[in-house]
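Pulled from TrEMBL, these are the features on record:
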ACT_SITE  B:ASP137  active site, proton acceptor
BINDING   B:VAL21, B:GLY22, B:GLU23, B:GLY24, B:THR25, B:TYR26, B:ALA27, B:VAL28, B:VAL29, B:LYS44, B:LYS45  ATP binding site
DOMAIN    B:15-295  domain 'Protein kinase'
REGION    B:307-367  region 'Disordered'
Amino acid sequence: MVHEKSLYEASSQYRHWRFSPAQLKTTREKLNAGAIQVISAAFETENPGSSSTVQFVTQQEELSLVKLYASKLPQLCFSSFKLPEHVCATAVTYLKRFYLRNSVMDWHPKNVMLTSLFMAAKTNNTPISIDYFLSIIPKTVQSDILELEFPIAQSLDFEFAIWHPHRALWGIYLDVQVLEDVPMDLDRIYSEAVKLIRDSWLTDAEFIYTPSQIALAALHAVSPPLALQWMRSKGGSEQLQAILLQIQKIIKEEGTVPDVEEVRDIDRRLRTCRNPAKVAGSAIYQQKKAEEERIADEKRKLKAAAAKKAFEEADPFGADLRRESSNGSTPPGK
Amino acid sequence: MDTSVKANEEREKKWAKIAKVGEGTYAVVYKAKEITTGRQVAIKKIKIGQFKDGLDMSAIREVTYLRELHHPNVIELLDVFSHKTNLNLVLEFLDADLELLIKDRSNVFLPADIKSWMAMTLRGLEFCHRNWILHRDLKPNNLLIASDGQLKLADFGLARDFSDPGARMTCQIITRWYRPAELLFGCRYYSSAVDIWSVGCIFAELMLRTPYLPGESDMDQVKTIFRAIGTPTEEEWPGHTKLPDYFAAGQFPRQPFRDLFTAASADALNLLAKFFIYDPRKRISAKEALNHPYFFALPYPTHPSKLPKSANQLAPRPLPLEELDGNTNGALSAKAAEPNKLKRKSAEAPDGPDRRVVSRRLDFTAV
């Protein structure tokens, strides 16, 4: 038999959403630089000479901002909406993946965070109606959410299925119970490992490591002997141990909520350097909308003219239906 | 900048729509081609602007699962792109379905043909189940046939994953005639066995050339099942009388399968009986079914390319048009009686107060 790939290896997550730390850094730097370039140009169009005074946010600052909004998701999910762990984890992943394709200067993370949650609920079979969603979220209107669905879906390449470490941890939790000397405080170990996994949501761990590696790293951080015993029972390698330590380091160094004051300052600065083409009401935004409308209008006119022509040329009742369906050709009426 | 917008535009440019082949309230289906290769595809355009809650659940499910599933017996989602407020799914072009073949009286099905279709159905389903995905709407109409004879599972608009044991799920799934007794009794915690029951119904239908358990209502469906397979005993199916919507539908003796399926081999009957085991825990799995002696006994399955084809493939339903549920096209008039009005609920939501019911129907009256 041919070696069958593991299910995880066939997933879109494994195929398209794994990166090295260097790749992540380059991607974000490029996004940041690209956004600055476009926005500077837009400022110049609107008001020549104005871009030189703007203090753009840096790639690091973008990341802090996204992280802060990601850190708001658990409370929203668990307390406000009573949604399960995987919906929250999915929303966090959507938010983070979105900013591997976009800059906060183009899309402010607040609504992206909310829409990620709204969509994660749907993709995990626990949809929330928009009215109910908005009744819980203050100062947000329908269009804030619904208009972002497509940009987010596009940025995710319509790949909605996410594999999460907490599921892998649950598997290990069940597994270790058949080992000898199961610790008495297994449930405490488990719930602390869950907390570490939630900390990992704020890091790049999920882009670099597999969900099972992150789960094991969390368990290993709480109870090294238990993790090692489980690894021995599965034939785990030395190499794996090194990986666990790397993951633990990332969680420890990056898995904390950024300082709110600092982020507030970034957010304040962001208001002055947002892409005017994305801010409703700005001259450039109006211009873009008008252009889009003009093109759409032209297309509509063309279509109507073509339809009129077709109508005038052909029998308005179309070809004979019976003949069409019995000779196996496609139905008429195009 | 907007890399994702650009990527989306580039994806869109890869495909050229040729002709509209169906239009309904929620979706339009086009025959299209890949520009670089000329390969025929189907583009299903879902008009999202009409949904109050944004992207609708059927579209989300279909995209979520088909994005992950790549198997010769599962319809391939080649691409997805959005255009203004429309979501476009680029799907493999498939020109017939098993229902068409079954209804085409000019076709004679050999036992080897049925075995081939069953093997392909089970391979596709085993792959879904291995990936922890329930199809939840298996029926001949959703088993599409490619031009090379390969059968493919399609319409994942009701699918969901079941990797969370103990997750409460809706029982309003699977078209009635293919729905197992546990769902009719309101069971909210179920598993891959629900799809297997549907496979049993399809197997029977392939042999009989007519639906095996055509109940007229949900209540009547239970009776129809009991009349055919016998009322289950407590021993056969422990605890079934405690299910939420259980009702006593009457005592019926088991009809031996042999009496109805007169031409079937002993192996075929044995497998059929295993698909129709009442207790979902004892029902055969897709993997076990593929290892059943039926598939190893003579006659061997027909090669897909040698399977019967439908003469009117392109006529009433030229595309893998999942929305055809409940369509009233004259050419498929027999189908109009089928209880296809399965509602696509965005249910299973513990929170949303107003759950939306979306039934996607394509209307072919314009054609």
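Heads up, the Cβ atoms here are built off N, Cα and C, so glycines get one too.
Nobody curates TrEMBL annotations by hand; they come from automatic prediction.
Keep in mind that this is a model prediction, so the values were computed, not measured.
Of B:VAL21, B:GLU23, B:ALA27, B:VAL29, B:LYS45, B:ASP137, listed as recorded positions, those near chain A by the criterion of a Cβ under 8 Å from one of its Cβ atoms are B:VAL21.
For the residue listed as 'active site, proton acceptor', the Cβ neighbour count at a 10 Å cut-off comes to 26, with all displayed protein chains included. B:GLU23 (ATP binding site) and the residue listed as 'active site, proton acceptor' are 22 Å apart (CA-CA, integer value).
When the binding-site residues B:VAL21, B:VAL29 are compared by the number of other CB atoms within 10 angstroms of each CB, B:VAL21 has the fewest. The DSSP secondary structure for B:VAL21 (ATP binding site) is strand.
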